[in-house]
């Protein structure tokens, strides 16, 4: 597995808090590092940025490549239980356990002060990981996340192949289902572009808004007219997300 990391100047003098950014479908560890524009404010705030790849690579599994919605580049941040994917596609455990251990062992990072953010599939990953492990993350945010993969085409395509045909298994990686079981101890920030071509069919933020209201989960859902699903959208609002995380991490 590959990851990109930005280390702020403050890390020369003291351990710094960590913000994980999970990218979306087709992306790599380079995507957010190059396109999000987060480094300038991260330098001011003293945040280490960690940006992992979106799946294992060069697996050799039949069907792992050639479809941008599944397989390599589309790990969906789950621990697969179905063969052959269960042998390599364990992105949930990688982000929660293996990657933080690598960061703590090799960089001046205070991993007890960690936040998590993501975009699209990565927003789904950030929300589900934070909701399943609130003791590991002090803050969470997302750009245009897939909030109900059990109910939309992207999720209905990937989750059965990774997790089997049991809807209960899908619910373990569905933010709308998870927030009803256990809330996150802090406000969740979500930004969504109103001109996003995936908004109605794949993202459905209103479902998470409703689930949070029913669960009593504080949520700041901001909708932005004219913004699409691209990194131009992310770069326009990344500073707000960094400050959101810095409020609890720095």
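Using the three backbone atoms N, Cα and C, a Cβ is placed for every residue, glycine included.
Listed in TrEMBL for this protein:
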- 120: active site, charge relay system (ACT_SITE)
- 196: active site, charge relay system (ACT_SITE)
- 229: active site, charge relay system (ACT_SITE)
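Geometry remark: residue 120 (active site, charge relay system) versus residue 196 (active site, charge relay system), CA distance 11 Å. For residue 229 (active site, charge relay system) paired with residue 196 (active site, charge relay system), the C-alpha to C-alpha distance reads 5 Å.
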